[in-house]
Structure formats: C-alpha cells, structure tokens
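Copied over from Swiss-Prot:
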type	residues	note
BINDING	G134, E135, S136, G137, A138, G139, K140, T141	ATP binding site
COMPBIAS	9-19	compositional bias 'Basic and acidic residues'
COMPBIAS	982-1046	compositional bias 'Low complexity'
COMPBIAS	1050-1062	compositional bias 'Polar residues'
COMPBIAS	1180-1210	compositional bias 'Polar residues'
DOMAIN	41-715	domain 'Myosin motor'
DOMAIN	719-739	domain 'IQ 1'
DOMAIN	740-765	domain 'IQ 2'
DOMAIN	773-962	domain 'TH1'
DOMAIN	1075-1134	domain 'SH3'
REGION	405-487	region 'Actin-binding'
Amino acid sequence: MGITKRSKDKAARAERSAGGDKSSSAKPKKATFDTTKKKEIGVSDLTLLSKVSNEAINENLKKRFEGREIYTYIGHVLVSVNPFRDLGIYTDQVLESYKGKNRLEMPPHVFAIAESAYYNMKAYSENQCVIISGESGAGKTEAAKRIMQYIANVSGGGSGDIQQIKDMVLATNPLLESFGNAKTLRNNNSSRFGKYLQIHFNAQGEPIGADITNYLLEKSRVVGQIANERNFHIFYQFTKGASQQYREMYGIQKPETYLYTSKAKCFDVDGIDDLAEYQDTLNAMKIIGLSQQEQDNIFRMLSAILWAGNLVFKEGDDGYAAVSDQSVVDFLAYLLEVDPAQLVHALTIRILTPRPGEVIESPANVPQATATRDALAMAIYYNLFDWIVERINLSLKARQATTNSIGILDIYGFEIFEKNSFEQLCINYVNEKLQQIFIQLTLKAEQDEYAREQIKWTPIKYFDNKIVCDLIESTRPPGIFSAMKDATKTAHADPAASDRTFMQSINGMSNPHLTPRQGAFIVKHYAGDVTYSVDGITDKNKDLLLKGVQNLFQASQNQFVHTLFPQQVDLDNRRQPPSAGDRIRTSANALVDTLMKCQPSYIRTIKPNENKSPTEYNEPNVLHQVKYLGLQENVRIRRAGFAYRQSFEKFVDRFFLLSPATSYAGEYTWTGSYEAATKQILKDTSIPQEEWQLGVTKAFIKSPETLFALEHMRDRYWHNMATRIQRMWRAYLAYRAEAAIRIQRIWRKKRVGAEYLQLREEGHKVLGGRKERRRMSILGSRRFLGDYLGINATTGPGAQIRNAIGIGSNEKAVFSCRGELLEHKFGRSSKPSPRILVVTNSKFYIVAQVLNQGHVQIMAEKAFPLASIKFIGASTARDDWFSLGVGSQQEPDPLLNCVLKTEMFTQMKRVMPGSFNLKIGDAIEYAKKPGKMQLVKVLKDAPTSQDFYKSSTVHTQPGEPPNSVSRPQPKAKPVPPRPITKGKLIKPGGPGGRPARNANPNRTAQPRPGGGPSIAASNPLASSAAAASSRPVPAHPGAAATPAAAKSLPSHTRQQSSTSTVRPPPPPPPAPAAKPKIMAKVLYDFAGTRENELSIKAGDMIEIVQKENNGWWLAKTPEGQAWVPAAYVEEQAPAPPVVAPRPPPPPPPAANGGGRVAPQPPAKRPVAGRKPAPAPAVASLQNRDSGMSLNGANGSGSDASRSSTPTPSIAGSLADALKARKQAMAKRDDDEDDW
C-alpha cells in the first residue's frame, strides 16, 4: 500500500500539530550512508551486554583497551581505563567536537561527562558534581584535570577577571600535585590525598570563583616510605632546585643528605623532571597570588621538616633519650625560631596531667623521643598543607553572586590489602558514604523518571548500605570510631592495652555486617569483606602531637608557626582533642551534605596493569577492580528497568529507515506525530510488545538485545543495497576462481609435495631416535623444502647472496636458512651472532652480513668442503645447537644454531661424499681451539621456550620423545562445493557441474523403475538425491492407466496411443556382488587415548572400513568403530568373491540402455588438523560427500538438462530414450575419472 501525502490538508496539519511536530523543517533529513563510521569495538555502553557478569565486563573492557578505546559507559557512568600513553584524544579539535553534543551523539569520553555536567547546570540551574574513583595509578587525577580543562574552555567569559579565575583554577593542579602527590610502587604520580574542587558560576555560566576541600592526606609518608618509593614531590623539587638564597638561609642540600628523603633510596623517577616541576610550582604560586613572604614561609617550614628528620637520639647515662648532634638541634631551633633547650625539652620530656591542676613531666626513651620528633614533622606538614589549601581558597573566593556550581571529587577508591588498618578503614568509610549518595541519588532519579513517564515497571531492589555507615560512624549505640576513641581514653598510656579494650568493644557489638576475629574484625562493605587488624589501630586514631610540642610551637617567635598552630594549650584541660576518626567523620558528613545538593556524574577509573605498559592488560587485576568498583551492580541497576530510553524525535531520526511506512529510498515520509512514527517502527520491525513501552515523551526498550536487533537491521539496510549490486559480479568472479582452483587442486594432489614428505621421513632415520624433538618439527604439515632463502634463484635476495659469496654455476644449493654462530671474543663472554647458512652439493658456507660505511656487505665468512667435515656434533636434548667437526689446525670448529637442523642434516647426508658421522650425546663436542676438544653441556632448565647459550652451557626445555615421528598429515578442511556460474545462469556445484552424489561406498545399484526396494527407498537423504538425478523411463504396456505411471513421464513426452505396439524394456542387470570385507590382523597392542581412537590387541582380527594416506585406518570391531594406526595392523588377503550368474542377453531388437553402475567417489578426507571422526552409520558417510545445489525450484541440475532430449516420434521412442540415457551415463563415467 502506497503512502499518500496531503501536505495541504488542514486536518493533516492539525494532526501533526497535535502530535507535537513543531514545523516541517524539524523532520529528519534524508538518510545517507556514513562513510566515516568507525567500527565499534565491543559495546560502548555496558548496559548493552547480552550477559551481565564481571567476566563479561572485563572482556569488553579488554577489547576496547586493545582497540585504543579507553572509555565505556554504564548509562551515565563513565568507565575509564588508563592507557599509559598519549592517544591524541585531548586535543582542542576533539574538545571542540564535544561542545553542545548529547552524550549519545559522540563516543564515550571524559569531555562528554564534562559537557553533560556543564549543560545540565546551565539548562536546569542545578548544582553538578563529578565523582571520580579508582585505585592509585588508574587515572583519577588526569580525569579531573581534563574536566577542568573542558570547563575552562567552554565556559566563555572574555573579561580579565573571568580569565584570571580560570588560570588560577588550572594552576591549582601543579601546586597541589607537588605537595600532595608522591611516587609509589604502583604510580609515579600518585595522589596521596583526596580533594573536592567546587567551581562557582554566575547566571551566564562563567566561572567566578572556586574552593577546594582536602581529605585524608597521607602525612605518615613525610617520615617514612617503603623501598623504591619517595616522599612528596615538593621535597625533591626543593632540594634539587632551590635557589642559592634559600640554600644559604635554610641550609638546603641535596636529597641524599636528609633522612626523610633518602630512607627509601629513591631520588629520581622516570618521566618526572623535578627541576622543571619546581619552576611550575613557583609559577603556580605566583598565579594564585602567593606573596614572596608567604613563599619564604612555606619553604622555611619544609626546611624545618627536613632537618627534623636528621635529629637523632641516643641513650643517655640515665637511660633516657639524649640528642646525638647538638648542631642539628641549633639549626632546627633557628628555623622554628625557638630556644634550642626548649626544643630538646619538648622532644625528650613528656607532659602528663593525671589530675586537674597537676602536671607531671616524664623523661622519654629513645623510641618515644623519635616518635615525638616524627609527630612534630608530620604536624608541621599536615597543617602546612591545610594552610596552602585555605590560601588557594582565599584567592579563588567568588567576588560576585554565585548561581550554581560544578564539583569535582578526586578521592581514593576502595582499598583491600593483605593487612588493613586505620587508614584503610577511613578510606573505605568515605567510599561507603559515596556509595550511599549513589544509592539515594541515582536510584531515586531512575524511579522518578519511570513515574514521570508513566511507565509500568518493577521496583528496583538494592542494598542500602546505611547500616554499614552507621556501624562505623554511629555514636549511640557506639560505632567503630566511637569505640576506638573510648578505648584510647581508658588506656591512653599503653597502645597495646588500648587495642585490647577496643577489641573487647568490637566483640560486644551486634551487627550483621561486623564479624570479630582473633586480633581483627571483618566489615562487610558493599564492595566486599575487608579484614582490619587491631594492632596499633587506636594509636593511629589518637592525636600524637603532645602538649609539650604544642607549647613549643606557641613559644615560637615566627608568626607563620603561630598561623599553622593557632590553638592555645590549656594544661588544666584533660579533654582529649578530636581524634583522626572524628575529623574524618566530620569532613565525610560535610562532603555528603554538599554532594546531596548536586546532580552527580560518576567516573570509574581502572588500572590495566602494574607495569605502566600501554599494551599489557592484566585480566585478574582488572577483574578485581571491576568487582570492588561495583561495575556489575551498576549495570544491573541500570538494566533493572529499561536498558535504553530515548525521546520520540531522536528514536525516529535513528530508525525511520526500518519501516516502509516511514521511509522510502532513504527519505522520511511519515506525516504523523513522532510518537505514532515510533510505534509504527516498533510494529514493523516485529519487536514484541513486552520489550518496549512508550512514555509521555520517550520510548523505552527493555533488553539490549532488542536495541542490537534494531541497530543490526539499520546496518543491514545499506548492506542489502550494496549486495544487490555486487551479486552478479561476484558470480562471474566465482566462476573464474573456482575453475582455476579445481584445476590446481587436482594437479597438487597428484604432483606436488610427495618428494618433500619422503625427505622428511628420511630425516627421522638420520636422527635414529637419539635426539629429542621439538613439537613444531614433527607437525604433519612440515615439509623439507631445502632452499628457503632462494639461493638457486636467478633474481631476488637469494641471488644476491649467491653472487656475493661466489657460489659457482656448478654448485647447487640444497639447503639455506638463517642461523647463529657462536663468536668467541677475547676477555668477553661468547655470544651468538646472526649468520646465513648455505649447504651446496660440495661446500658448507657460513655467510656474514656486516655494515660497511652505511651499506650492508655480504661475505662468506667460512666455507668448508663437505668432504672435510669429519663429524657433526649434537646433543640428545631438543636444542638447535650443533658443531661441525672440521678438525682444522688453524681455526676452531664452528658451533652453530639452526632451527631447521634436522633438515640440514638430512640434506648434508644426501650430498656428502663418504660416510656421514652424526655424533649425538649428552653434550656437544667441538674444538673450541685448534686441536683442543671441549664439551658444551645442555641443561633442560630454560625458563622459557627459547633456548639460550651461556658459559659453555645451552639451556633448553624438555622436548618430545626421541622416537617421535611426524604427526599424521592434516587434512584440508572440507569445503562445500561452490556454485559454478556461466553467464547469468547458476549451475549446481560439485565435480563436473552437477550435484555430487552420496559418498556411501557400500551403496547398491541405482533404483530402477519397477524394481524392488533400495537404499533410496528407506533413506530420505538418498531418496532426495536419487529423485534429483532420475531419468525418465517409458512405462510398461498397460501401465498408462495408472496415475503414478502417468505422472512419471515428463511433460514434453507424447502420450502413448492405445493402438501403438512398443516392445517392453529389457530386464535390469543383476545387482553387483557385495563388496568383500577387508580384514586385517592386529600386530601390536594399541590403547586409544581419544574418543575417535580404537583400542586393539595383538592377534585380533578387525574389519577395515576405510583407508587413509595419513597412517590411520577406520576399523570396526564388535566394540565399535574408530581409527587405528595402519602400522599396527596387517591386511589379510580377501576371500575370492562369489560370481553371480549373468542373466540371459536381451532380445536383439532392444538396445540395452541400462549401462553399468557408475563408480562411487571416494569419501572425503577428515577435517584438517585432526583424525576424521568415526562414521558409524551410512547416513553420516553420505553427509560427508553430499553435494550442494543452488538451483532450488528452478531445475533439477545439469543431469536433468542432459536427460531432457525430446522424443522425435512415437515409434522408437523407447530405443531413442534408452540410447540417450546410455550416452549420458557414459559421460558421467568419464567425469568420475576426475575424482
């Protein structure tokens, strides 16, 4: 039914107006094929996975990582895999392509997340936040910087103040990275703190200010690092790049001088230039607005921290701590502007207040004094970092009214180590709070959309982790943080006693997500169970900055020290200061309050490997990250309702091609509303009703398979058009190719390859079962081709080698390949060097290629007459090393390495005059020096499959047994007959251009009309094949009245009149005698190890069903039918066949057109690479050699065309028909010879 357009019909216009169409210009444009479309790797959105599992997610991420696609969506969540290389995807051109684009219009990218957040902030006046999580080295900081880069680029604002704010926001990155990042084992630029950057915008979407909140600074890194890690970057930048003024004022020396920077013995990092980054840090300070005085104060405190680390204590005469070097104390006191005696007193005397108004001073031992020194250094750096963040916020403070904001959270991901302590508890607690935000915001938004669109759906079930958050942060009943603080109060002087008290509190808690253990406890987080060790956990929670140290800071004459430590010390106040857990709980709740007021976007970062390799993808490690990031849960939550949703307009624009009612030749022809067009498309594509729903403004699709089907149909639309154009051309090319291939195939079977196989078998005899073999050496496809480099060729690289080394015209190369020669150098280890090995009918050449003045020069390094080679030495292992025992008095014997050694030995044996001596032993014998024999040991201890030589020893791996022979020759994969085309007509495939017949070798004669039952009558497959190749035969006299007989005549044959006299057809020839069974006697026992191998015992008689040239015969016993090795059995002479009496000859007038039964083609060979599967039934053998016809109902094949000779007259029609049949059958016999 055609589509009627009534563009001037008022009713139609009214209908379109009611349907929501704004104007005629809003309809989709004419569809055109996208020639720049890039083939998608995997799926770009994990919600479209057919099977949702951690393994399926991991496999999809791997495909995209290997295809240089590092970004993948989970709905609105972005998953990012660190590429460890520059992919060129952050250029200004790429950034411009994402401006103003919808998330679905462009491939997944961090710019798309930034664009979505900025667009939603402006369009809906909603505060936005981007939450970035993942393990160290996964790319969190890089993602945060790219979001800031995009927002700074697209947010406009040409005024100087706006540009200044943008510059300061971008300058915070190098500054905070210097003070908050460090080199770890897993990441050279690891963020050791969390931050939340909030950019404020005015009503026009221009940035007018920002503020930063920092979390969880790893201050313990200041005083200690594990091996091959570093302190914070700023210490190495400062000690390497400090000006001469700073070196004189603050005594700055190289990082090797200070304990805090040299403890881990790591001073430089690949890819990090400390001097250049120090200048970037100073420049960032200037952009943010730090004065020179403020910069001096910062570096003064850094110097104090470095010198504090060099303050070493020793045990005094009284048994307590004493200072080892007073000069360090004096210089540290100078930097802090305190009295040296007061400094020593603060570090070596502990102030206790057991009762109000009572102060007790207790001397400290060496470990206690060292801990106090480290606490002083950590306190200075921790407060200095907080001051820098506050100073940045002061410079970035908005100077006009703020409308909305975009927040970027870059924080630790879940941490699960072998030993987890207080730090991991705090990090995982913050992640639990972030997961709580995800549950409340994301799932709630999902439910609101379904309700707004009036969609019928099943409520999403999810785990509410509020119970876990309460377990950690609750005060009534006490949670983990509160119990930790109470334990510190109870036994504040003894950390071990505090830990025991805390463990008692844990044992008394009743919570399904808490499990006490011996000296530990398990918390069931949403990302998995984590076991936390109690040892030392309370000591990390309490404030280690003693009141004596606080008194020291208050006594300082430096105003900046007072700024860092503003609180006054009240000696009478016994109330504990806020613990680390208290501060984490307060800041986490403040962060949650801020994020709950925002619309979130999520970025999950993944680290593909631990080696920072751009090509390695460590599947187990990534799978672990997929699990603890909860990607599978994210996908299931997204798919719990509908996997795909889109507005009516965009859905129609994408899929209108799929319905003939909405499109014609790529043009959009629908005149109704978009909602009606959407419904029509889904109806015409036969999408089940339960797979989709239409809301108020959007179409919802349930499963990703449905969306895949729609996308597939859309892609096939263009392919089908191209297929129509290509079909006839391909048919002609197929005819030419098939004709050439069939000619070549028959020629190769008869002529090519026999001599190479015979030479390969001779190679086994040369080794004589004395040397282990490599698996590749005994493959069935291995051929001994000899001249691999083409030395005998007249042109090409081989001819160049021949001319360069002077091989005479009377010499013929029998073998050539590349190998190695062991070179002995004075004072140095022997080293294999590449060489070219050439064996001619008279000499053995060792050819070297050297670089001479920029040109490659080929020369014959050594040339040995074959007659001079007394022996060839090799080992019994599978290695490729061998020696040539020349026995020269002037030069040593060469020790060579050649992967084709067996073939080389075989060729040499064929052409060497005299005897061929191959010495195979446990070691390789050769003359390392003239007249001095040496043995090269061979050890089977190589860590890899690659052999290597070291210190007169060849290291290899165990090989195949020495008595191994070549595997059976793999068979070519059976290819179904292809259609042979001639002009515009397509003929069936198979030999001779006709359908191939059944491959059953035991089949009886072809059925004859009027004959008895046959195989074709009982086998549907054989029956159909026989019907396709049957010839018309005249009916018996009197059979015309039978409807079946009448139907058997072809339509072009005249009907016989009742008065005509036609001789009856001759009787059919007797069925050929049954083929005698081939029996064989078992010579040796054989135990089958595979399903298609038959176990046999010596002395048994078995029937041979089929023989193959690959050394395997198909045998049959009462136990079953399978393959046995031909070498294990001996064929027995068959019994003489019983000759059936021949029938009397037919009457002379009648021509015997029955012909003989055409011989059957041999069964096809099994699939290449393995033995053929057993063929227990006749039907399976028939299927193996079945033909393929492409004619269908257009005809019965070429045989039918040959049997359709019209009858010239009624008289003699029988004789002519039989004669034509005989000729056709004779031609068929000729065709059989091709097989």
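First residue shown is number 1, and so on along the chain.
Keep in mind that glycine also has a Cβ here, set from the backbone N, Cα and C atoms.
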Residues sitting within 8 A of the centre of the G134, E135, S136, G137, A138, G139, K140, T141 CB atoms (ATP site), not counting those, run N82, N187, S190, S191, G413, T605, K607
Can you tell which of the binding-site residues (G134, G137) has the fewest other C-beta atoms within 10 angstroms of its C-beta? G137
Listed binding-site residues (S136, T141), ranked by Cβ neighbours within 10 Å, top entry: T141
Other than its own, how many Cβ atoms are within 10 Å of the Cβ belonging to K140 (ATP binding site)? 27
Per DSSP, the domain 'SH3' (1075-1134) contains 3 helix, 30 strand, 27 coil
Could you check what DSSP calls K140 (ATP binding site) once collapsed to helix, strand or coil? helix
Under 8 Å Cβ-Cβ from the domain 'IQ 2' (740-765), and at least six residues away from its ends along the same chain, one finds 782-786, 902-903, 905-906, 965-966, 969, 991, 1234
Can you break down the domain 'IQ 1' (719-739) into helix, strand and coil residue counts using DSSP? 21 helix, 0 strand, 0 coil
What are the non-local neighbours of E135 (ATP binding site), defined as same-chain residues 6+ apart in sequence with CB under 8 A from its CB? R186, G413, E415, T605, K607, Q625
Within the domain 'IQ 2' (740-765), count helix residues (DSSP H, G, I), strand residues (E, B) and coil residues, in that order. 24 helix, 0 strand, 2 coil
Considering every residue in the domain 'IQ 1' (719-739), what is the mean pLDDT value? 83
